[in-house]
Amino acid sequence: MRVKVLSRNPDDYVRETKLDLQRVPRNYDPVLHPFEVAREYVRALNATKLERVFAKPFLSSLDGHRDGVNCMAKHPKSLSTVLSGACDGEVKIWNLTQRKCIRTIQAHEGFVRGMCARFCGTSFFTVGDDKTVKQWKMESPEYGEEEEPIHTILGKTVYTGIDHHWKEPVFATCGHQVDIWDEQRTSPKCSLTWGFDSISSVKFNPIETYLLGSCASDRNIVLYDMRKSTPLKKVILNMRTNTLCWNPMEAFIFTAANEDYNLYTFDMRFLESPVMVHMDHVSAVLDVDYSPTGKEFVSASFDKSIRIFPVDKGHSREVYHTKRMQHVITVKWTSDNKYILCGSDEMNIRLWKANASEKLGVLAPREKAAMNYNQKLKEKFQFHPQIRRIARHRHLPKSIYCQIKEQRIMKEARRRKEMNRRKHSKPGSVPFVPERKKHIVAVVK
C-alpha cells in the first residue's frame, strides 16, 4: 500500500521571531492566479501615482554670491565639495553636507569665465576677464597666511574657458585659440586654431584623454588631438554651440548644447549626422553635464529651467524649475549620481535630486525590496495609456507652457508648408530631409 505524506521543511514557514511576518507557502503556477495581471496593473498604477505625489526634487539653495553664478567645478576626490565662480570675480568653495560656504576668494577682476580642479584634487585653476590664469590651493590658508594663488599666468587675450587633463599635469584654455599648457611653464606647449572666431569652451575627453573638443562662435565644433598638435575635424551647425560634454562611459560620444534650443549627441567618428537630437527646451541651451553612468545628462537653459534627458531619447524625462530661478547659466551632476547642482543669474546655487521621488537616507531591506518591485511593475506597464499619462505629466511655468504651444503650431505650419510645396512641385525636386540632418551645414576634415 502506498501512502502520500506532506513533507514540509519548518524553515520555509516557521517565523524566526514573533515580530516577523508570517511566511506563506506560495505556488507560482499561473493557472492558479487568473487575476495576477489585473492585480499587478493596479499596483503599477498606484506606484506611478505615488511616485508623482512624492516627487519633491528641490533640496536646498546655496546663497552667498553677490552676482550671478557663471561657472562651477566638481572636486575629483570629495563628493561634498563643489566650487563656484561668479560674475564679480569671486570664487566660493562649498560644503554640500553642511550646505554652507567654507571659503571665499576674490580671484579675478570682472567675470570668472571658467574653472576646473586638478585631477588629484590638491588645487584648482580659474580664468577671468583680466586675461589671467590662476592656480589656487584647495585647502584654506593657515592662520595669518594671505590668500594668494600658487601660480599666475598673464595672457595676451581674454580666456573664456579652461579644462584640466584627466591624468597628466596639463591643462587647456580657450579664447582666440586653444592653448595647451604644462603646469610648470608660463607659456603654452602648443596653440591650436582653425578659423578666426573666439572659442567659448574646451573639454578634455575623460577616456581617450589626449582628445579635446571645443565650441567656437562661428558655429563650429572642432576636435583636436593633443599628440598631433593639429585639429582633427570640425562640424558646422546652423547655429552656435555654447558648450559640449563628453560621455564618461563611451569614448567617442559627446553632447553639444546649442542656441537653437536643442542638444545634439554626436559620435565623433560619424559627424555627418548626430546620433540623437534632444528637443524640449524653449530657449538657448547654455550648459550640459553627463551623469557618471553615462546614461543620462542634464541641461541648463535660458528658459529658466533644467531638464534631464536619457542619452537615447529625444525628449526629457524630467524638468525642474522654481518661481525664483532665473536664467540657468551652469549645471553639474555630482559624482555619486544622486544630485544635480545648477547656478543661475540670481546669485543662487540650487541642489536637486537626480531622481525626483527618491527617498534619501538609509532604506530598510523591506523598503528596498518594495521599491525594486514597484520599479519593475512600472517598467512592465509603462506603455499603458493611463500609466503613461500620469508618469509623463509635469507642471510647467506658464511662460514655458505657452512657448511650447506656440512652437508646436510653428512646427506644424512648417511641415504643412513643406507638404504643400512637395505636392505642387515636380516629383523628387523637394527632397525629404531627416530631422537629424537638417541642422548640420558641413563636416570639414
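The count begins at 1 with the first shown residue.
Placed from the backbone N, Cα and C atoms, the Cβ positions cover glycine too.
Pulled from TrEMBL, these are the features on record:
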{"type": "DOMAIN", "residues": "354-440", "note": "domain 'Sof1-like protein'"}
{"type": "REPEAT", "residues": "62-104", "note": "repeat 'WD'"}
{"type": "REPEAT", "residues": "278-319", "note": "repeat 'WD'"}
{"type": "REPEAT", "residues": "321-362", "note": "repeat 'WD'"}
Residue counts (helix, strand, coil, in that order) that DSSP gives for the domain 'Sof1-like protein' (354-440): 54 helix, 1 strand, 32 coil
Intrachain neighbours beyond the repeat 'WD' (62-104), with Cβ under 8 angstroms and 6 or more residues off its ends: 110-121, 124, 126, 128-130, 136, 138, 140, 329-332, 334-336, 339, 341, 343-351
Going by DSSP, how much of the repeat 'WD' (62-104) is helix, how much is strand and how much is coil, in residues? 0 helix, 25 strand, 18 coil
Secondary structure composition of the repeat 'WD' (278-319) [DSSP: H/G/I, E/B, coil]: 0 helix, 21 strand, 21 coil
